[in-house]
Amino acid sequence: PAALHVPSQPAMAMQQGGGGGEGETLMQRCKPYVAMISLQFGYAGMNVITKVSLNHGMSHYVLVVYRHAFATLSIAPFALFLERGKARPPRMTPLVFLNIFLLALMGPVIDQNFYYAGLKYTSPTFSCAMSNMLPAMTFVMAVIFRMEKVDLKKPRCMAKVAGTLVTVAGAMLMTLYKGRAVEMIWSRHAHLPGPHQDAAAAAKDWFKGSIFLIIATLAWASLFILQGPTLTRYNAPLTLTTLICFVGTLQAIVVTLAMEHTTDVWKIGFDMNLLAAAYAGIVTSSLAYYVQGLVIQSRGPVFASAFSPLMMIVVAIMGSFILAENIYLGGIIGSVLIVAGLYSVLWGKHKEDVEKKEIEATEIPVAIKGVEGNGRIMDMVELDEVELEKAQANGKAVTISVPAGAGEAGMQRDDEN
């Protein structure tokens, strides 16, 4: 899973393609859709390749180190060239460094180590399905930290709460009920392991992997909660991502040295292990950050999140072809519940964004152009934000206060000249 989404500066082309204007071409309208669908295939490939690497004995602790080393080297040039010309470079304060340390700990270290461990014990499809709990978990944590207010009288709040409960129910079902294997048409003649392995041990590993994936998703949601305040203090998203990946690499090295006591685990050649580390670092930790940032900046986070179930479908097909992966009934039912809960939460979030935009649109500054001798307003002019700032800078802004229940006689003119 990606640790951060990074809104980037060169988003003009994507904004032209995602604004929904009358003059845009079909190609411009399709850009955000093509970008997000391509990203899901990229994420799906990462899950399958990583699963193959873990099955061949790659330590997930070492994989996290190499992944973020590749990610740091990939993102650093973009941060250097795209954010070098900032008029006011952000300051590195002790508080900002503490936030970066915590973000690196929650993202590259806790999230991805537990995610890879869960992937090793379960399957790519199951892991992708569990990661769809992210919006619901983020909503719960936002409520706990009072970043979200819940008013059950409003349909959007009810949708988010109901979606969260359905998502949790789906995750519990997938964790506690495995069910029988469902045979796919294209994998009917594939060799499916199962009868020869210890059923009790397999069930234990499946449960353990499910818990690891839930912990990983919680860490990922915590990262999103802390990411917003950090970006307000250090408004250089690409540089911030580079620092998080770099600090995360150092933290992951310490964790690996504590957990792996042989030097052989660090050996890597031109094989699947190198491909897994490079692919995850370059494609899903740098290129994906950049592309997803453009889409989020032009279409919003709800649009970007709505494509995540597609990754699960792609992984299920790729996993059954490449890994001869079993798909179980409990996983299918739980996945349906998680996706239903996901879209319920996203619908509630979409309605909330629409309400905010409508409120902002109605709050239009108004200035008096002239007043007759009897105090009656002759003309009123709407000012946009730029004009209002200019007027205030020149000391010409006029504010109107209208007391409740008062008519024209209650209007007061406050001229700042």
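These residue numbers are counts, starting from 1, taken along the chain as shown.
Quick reminder: no glycine exception, Cβ is built from N, Cα and C everywhere.
Note: TrEMBL annotation is automatic and uncurated.
Residues or ranges marked as domain 'EamA' by TrEMBL: 34-175 (among others).
TrEMBL lists 208-346 (among others) with the feature domain 'EamA'. Here the domain 'EamA' (208-346) is broken down by DSSP into helix, strand and coil counts: 119 helix, 2 strand, 18 coil.
Taken from TrEMBL, the feature transmembrane segment covers 60-82 (among others).
What TrEMBL records for 94-110 (among others) is transmembrane segment.
Under the heading transmembrane segment, TrEMBL lists 122-145 (among others).
Cβ atoms under 8 Å from those of the transmembrane segment (157-177) belong to residues 126, 129-130, 132-133, 136, 139-140, 150-151, 207, 210-211, 214, 330-331, 333-338, 340-349, 351 of the same chain, restricted to positions at least 6 beyond its ends. Marked as transmembrane segment by TrEMBL: 157-177 (among others).
TrEMBL lists 206-226 (among others) with the feature transmembrane segment.
Look at TrEMBL and you will find 238-258 (among others) tagged as transmembrane segment.
The feature transmembrane segment is assigned by TrEMBL to 270-290 (among others). Under 8 Å from some Cβ of the transmembrane segment (270-290) lie the Cβ atoms of residues 2-6, 8, 39, 42-43, 45-46, 49-50, 52-53, 56, 58, 63, 66-71, 73-75, 78, 241, 245, all in the same chain and six or more residues away from its ends.
Sequence annotations record features per position, and here TrEMBL assigns transmembrane segment to 302-321 (among others).
Marked as transmembrane segment by TrEMBL: 327-347 (among others).
Under DSSP, the residues of the domain 'EamA' (34-175) split into helix, strand and coil as follows: 113 helix, 0 strand, 29 coil. By the count of Cβ pairs under 8 Å, the stretch nearest in packing to the transmembrane segment (122-145) among 60-82, 94-110, 206-226, 238-258, 302-321 is 206-226.
Recorded stretches compared: 60-82, 94-110, 238-258, 302-321, 327-347; the one with the most Cβ pairs under 8 Å to the transmembrane segment (206-226) is 94-110. The transmembrane segment (238-258) and the transmembrane segment (94-110) are in contact, since at least 3 Cβ pairs between them lie under 8 Å (pairs 6 or more apart in sequence). Counting Cβ pairs closer than 8 Å to the transmembrane segment (302-321), the top stretch among 60-82, 94-110, 327-347 is 327-347. Over the domain 'EamA' (34-175) the predicted model carries a mean pLDDT of 88.
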